[in-house]
Structure formats: structure tokens, C-alpha cells
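Enquirer: Quick one: structure below, then a few questions.
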Amino acid sequence: MDHVNHTGTQSFILAGFATTGTLRPLAFLGTLCVYLLTLAGNLFIIVLVRADSGLSTPMYFFVSVLSFLELWYVSTTVPTLLNTLLHGHSPIPSAVCFVQLYVFHSLGMTECYLLGVMALDRYLAICRPLHYHALMSRQVRLRLAGATWVAGFSAALVPASLTATLPFCLTEVAHYFCDLVPLMRLACVDTSWHHRVHGAVLGVATGCNFVLILGLYGGILRAVLKLPLAASRAKAFSTCSSHVTVVALFYASAFTVYVGFPGSHPEGTDKHVALVYALLTPFLNPIIYTLRNKEVKEAIRRISVRIRTILKEP
């Protein structure tokens, strides 16, 4: 790693992945394809929810908000990933690095809160069906969605600002984007206190939200098991399966990276796990919400019929 005077750190160097020869262009093209498909898939979900009246429900409103978030989430890190795959070690100005750190964690925290709100939506739909539309009115939906963004961008302020004020003696970041743990490894001082603060902020926020999701799904499970008909139970479970899958992917990969002390994971492994929640999960979300959902498939058919009808008109 490169050593620098900590009083004048102007830029960092993103190490990225060690790819050589023919593997480098293949990795670049593969990542670019996944990125473009991710953008297309999430844009498709947003347009579909807006265009089809059959999807104008609270559940699909929050799905469209999640897709909008994923567009920004994946675009925060993939450009630097593509740059490191194409050019190897890539310099990044320190100001840009810290902005990327803040925006990435802000969007990650926002997604964490949004997944909690989506679990609340499913709980009200299944356990309070008679009052569901009154409890989840348009105004309530907008306020809940806005609150997730405000809470996410507020929660990320503390860890991002503390990391940005550290004195750095090294410049080579063992990652393809600026993240908390790889940056703390470059500091000239002991960062155990900073990590405890980061763990308190991120751990309490995500942990409490995860417990909330588990509690809500516990209530859903009890309510569903009381339904007399097997068909009713299957329908209720099917409305939750997509969300449960997304929650499992997001939390499993995120906890792997952010739970524990910086030295608890071998250096360089964080960037491999980060590919799951920073690239793979946003890519899979549109697939999960379309291929496993009958309402979305029916909406696609309705939109297709409308488009064919318009094209046939003279």
C-alpha cells in the first residue's frame, strides 16, 4: 500500500479485483450487462406500476419506490467497479470517495427502512384487511416512503462524517468503492472507537428494523394459519414470498460485512460479499417481483394488449 502524509490526502486508489488477460474484458462486459439489465428491470417495474391501474395498490407503490431506490443504489458503486475492471487500480478524489461512502450507506439504510415499511404493509393487508385501505391511504403511503428516505440519509451522517475526519496514512482501498471498513484500515490512528460508533448506529438501526420485520411476519404467520381454506393460506403466503426473498438476500449479505470488527474478516473478502447486496440484489429484485407474482404477469399482459391495440389503429 502507498504511504502518504495524513495531513494532505487528496485522493485514494481503488484496488478493485485482480483480473488479468482475457478475464478482464469478460468481467467488464459481464458486469456492464448486469448493470444495464438492472437499470432496465427496475425502470420497467416503475413504468408498469404507473401505467397499469391494476397495480395501483399500496404494495406495488412501495415496490416501485424500492425499484427507484435500486436505480440509484446500484449506480453509486457500479461505475467505479467498471472503471477498476477496465483499468485496474483507479484513483478517486477523497471528496468524491466520501460522497460515495455517504450516498451508498444512505441508500442502504433507506432500503433497510423501506423493507420494514413493506413488511408493515403486508401485515396490515393480511391481519387488518377491513381497515387496510384506510390505514394505507395515499397520504400515509407518501409519508411513510418519505420518512424512509429522511431516516436513511440521516442515519448515515454519523458513520460517514466520522470516517471522513479520520487522518489517513495509506491510500490504497482494498475494495472497488469507498466503504467504511476498507477506509478505516487506512487510518493512522486506532479506529476501534469509530467502529463501535458505526456498529451502534448501523447495528441498532438495521437490527431493530430486522426485529420489526420478524415480528410482523410472526403476526402474519399466525393470521394465515388461522385461515380455514388451504387456497386462502397459499394466496396469503404468495403475496409475501417475494418480499421475504428480498429481505433474506439483503440482510444476509449486509450482516456478513458489517457485523463484527474490521479485523474479523480477511482483508479483501468484503468486496466479494458486497457484490451480492450492491449488484446482485438490485438485479434480482425485478425478477423476483415479476416472475413470482401473478398480478404483475397479468398487468404485463394487459399493457401488451393495449400496446398492440394502439399499434393496429390506423
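Using the three backbone atoms N, Cα and C, a Cβ is placed for every residue, glycine included.
Predicted automatically and left uncurated, TrEMBL annotations should be read as such.
Just lifted these from TrEMBL, have a look:
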- 26-49: transmembrane segment (TRANSMEM)
- 41-289: domain 'G-protein coupled receptors family 1 profile' (DOMAIN)
- 61-82: transmembrane segment (TRANSMEM)
- 102-121: transmembrane segment (TRANSMEM)
- 142-162: transmembrane segment (TRANSMEM)
- 200-225: transmembrane segment (TRANSMEM)
- 237-261: transmembrane segment (TRANSMEM)
- 273-291: transmembrane segment (TRANSMEM)
Enquirer: For the domain 'G-protein coupled receptors family 1 profile' (41-289), what's the mean pLDDT in this predicted model?
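Expert: Summing pLDDT over the domain 'G-protein coupled receptors family 1 profile' (41-289) and dividing by its length gives 87.
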Enquirer: Apart from its near flanks, which chain residues at least 6 from the ends of the transmembrane segment (26-49) lie with a Cβ under 8 angstroms of it?
Expert: 17, 19, 55-56, 60-61, 63-64, 67-68, 70-71, 74-75, 78, 81-82, 85-86, 279, 282-283, 285-287, 289-290, 296, 299-300, 303
Enquirer: May I ask which of the stretches 102-121, 142-162, 200-225, 237-261, 273-291 has the most CB pairs under 8 A with the transmembrane segment (61-82)?
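Expert: So the stretch in question is 102-121.
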